[in-house]
Ligand SMILES: Nc1ncnc2c1ncn2[C@@H]1O[C@H](COP(=O)(O)OP(=O)(O)OP(=O)(O)O)[C@@H](O)[C@H]1O
Ligand SMILES: [Mg+2]
């Protein structure tokens, strides 16, 4: 009998029918994948299983009998542990406190047992190979580190059902391998697992069964052993896909971005490189290698301690994103909720935000121009939405990412920096984003791409720069960049 | 470095620095207090006399207790403006009962005032936690409402010291072990609440709610109930402060404690409690109260005129906040460097 199951569940948000007649069974000792394009309803399903949303119709079955989850606390008591798509940490509290909030171990007198918390966290982190200081506040953690903390939080629960909504979206190979090691062990102990990812190879590695959703409707349930990744893509998008990495070769022009001996004490040291017009340069490395920090400093969000940045031959004023934007730089940040979007603002306004100059008519902003521009990008990126005037916050995770991309691409910058550009984006649109980036490069834009997904790095980049512990350790031209060569540089096994 | 098994785990150096840093905020106020007493005492030694220090402790006891209560609310990303009215209502109510019905035991009057405070706090809690009215608006409303009830009840009447039993008034001036009783009460409340905030689940959950309200819901925290509790505890302390006020000053009418809420919030902020919730301690808040009271007394001793005093208080408040901000940035940079060195 299934530990946790959904029977004929439907859920609507206003006019949007997020789920229609979905049934799903999570069996003990089985890892079940949920596949589907952005906005297919995966996260909605997760939130129903975790008690955040109530189904409009249909039932949740716990060990075969119907239950009603009044809130996340109820689901938790039933033994359901959840990693949500967007991190849900308390920035002011330490990592340990984040992991145990609401269910801290207590001594006999009701006092929180800090020693026990520290000890359990130590064991969890050792198992996952996480090297964060547990007493550190969660504020300022990178997206990947936040995800690792979320993972530790869910795993600390001795759950009967483990639900993971894109836990790996910002992680690189090493962390994913460790996570899978732990999850497989849990599965063998009889835990039921629900796993969501847009990286299909992960689904094929971890899971035994996969349910595919399309526009909220279940279209198939297969045993992983019976299908191929191409079959799965067809079920998700209803057609065959074009090449995932439609890379066109550009002709490198003059240097558009030059980074000279950039150093931020304690974060990265002596980073120098150039990006030419017409080139896509990837910045690869493990989580925590300092890639995001480098691009943040280039764009002027953080102040460097030494070194400088030149755009089109002119030196940038340090620590000034305004100056960077004026010089033609654009940054698609990794953390869309914190840095990329204004969640309460509408989709079209968010897209127009980075290029207000172009939708201005005199001192006023033209709503019509804003709208036309948003409409254009919405179609190009296959944005799934009800109305362009809806707040961005109600979009699915992947669709929010598309809005961030649209916002910066619409500016037509001369140097485009993208940090995890396809984080949480489905396979179909991923190919589209790759095609766009490639086109932009061929059209003379200089593109600097940070990505934790190795195939994306290898498939898209003209050159690969590899970082290890805050230093640039290798530069590999497209021809000699292989999974092997990049990984050995990223793990510090080869010197530059 | 995060993901490499061969890297060494962060050492205790980082931990110790982290501990030190979290205490820095309180430390700063302690230093400011020391400077205040040092300088003022040098100019006018009577400031350091036993009697003068006793007075400062007495004067800060009520504000400190209110600051402790207010901290409970502010860490949840809310605020309670109505406390001055709760103090007024309970202070006047308590005095009236004592004056008109001498048969009622003092302990019962005190308990009654605390209970009345809890009721007022519960009304705030319902408005904010359940009806989801923003705290600033809700408690601004109850600030006027509670004061209105107070006025209506008093009907222009004033209770004088002569009307109240001597045994009650002596509570306001008595000393135990050399400490004024009221200061001792405030100290006990401070230690108890400080312990609970640090060591009980409920306490940590208040911080969680203020730090990220949405995540608090997902973590299964009973947000509504916790916010209710914070407002009710704050109301209880305001009720207790009301009786303390009556005992200390003897003469009470319906205007008691008017405007006090701003002094309290100032003390909390000076004490390093983040106004947007999630961080700060009651110890900081109480020290903030002590500092602000100390400054007022010092300015009086130094014969600064009363109008200038208000301006100086304001300037100090801003200075405290700026200092806090600068300190926080410095500390973040130091931590970053420290972590880097540990990782090498
Ligand atoms: N709170 C909400 N209010 C209104 N619409 C919502 C809300 N939550 C989700 N939706 C809509 O429901 C649909 C399904 O969203 P959901 O987040 O479940 O997609 P998803 O499959 O998780 O996609 P992704 O792969 O991008 O994460 C989307 O069209 C989304 O806009
Ligand atoms: Mg989702």
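Just so it is clear, glycine is given a Cβ too, placed from its N, Cα and C backbone atoms.
Heads up, TrEMBL stuff is auto-annotated, nobody curated it.
Annotated transmembrane segment per TrEMBL: B:27-44 (among others), in sequence order. Beyond its flanks by at least six residues, the transmembrane segment (B:27-44) meets 270-272, 284, 287-288, 290-291, 294-295, 298, 301-302, 323-324, 327 of its own chain at Cβ-Cβ distances under 8 Å.
Annotation comment: TrEMBL describes B:56-75 (among others) as transmembrane segment.
The annotation transmembrane segment is assigned in TrEMBL to B:81-99 (among others).
Here TrEMBL flags B:106-127 (among others) as transmembrane segment.
If you look up TrEMBL, you'll see B:133-154 (among others) marked as transmembrane segment.
Per TrEMBL, the feature transmembrane segment maps to B:175-197 (among others). Residues 54, 57-58, 60-62, 64-65, 68, 72, 75, 203-204, 206-207, 233, 237, 240, 244, 247-248, 281-283, 286 of the same chain, all 6+ positions outside the transmembrane segment (B:175-197), place their C-beta atoms under 8 angstroms from a C-beta of that stretch.
Under the heading transmembrane segment, TrEMBL lists B:227-250 (among others). Beyond the ends of the transmembrane segment (B:227-250), by six or more residues, the same chain brings 58, 61-62, 65-66, 68-70, 72-73, 75-76, 78, 80, 83, 86-95, 98, 109-110, 113-122, 124-126, 128-130, 159-161, 164, 168-169, 171-173, 182, 185, 189, 193, 202, 206, 209, 256-257 to within a C-beta distance below 8 angstroms of the stretch.
Summarising the annotation, TrEMBL assigns transmembrane segment to B:262-295 (among others).
The feature transmembrane segment is assigned by TrEMBL to B:315-335 (among others).
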Distal contacts, the transmembrane segment (B:81-99) - CB-CB under 8 A, six or more residues away:
62, 66, 69-70, 106, 109-110, 112-114, 116-117, 120-121, 124, 136, 139-140, 142-147, 149-150, 153-154, 157, 159, 163-165, 168, 234-235, 238-239, 241-243, 245-246, 252-261, 264
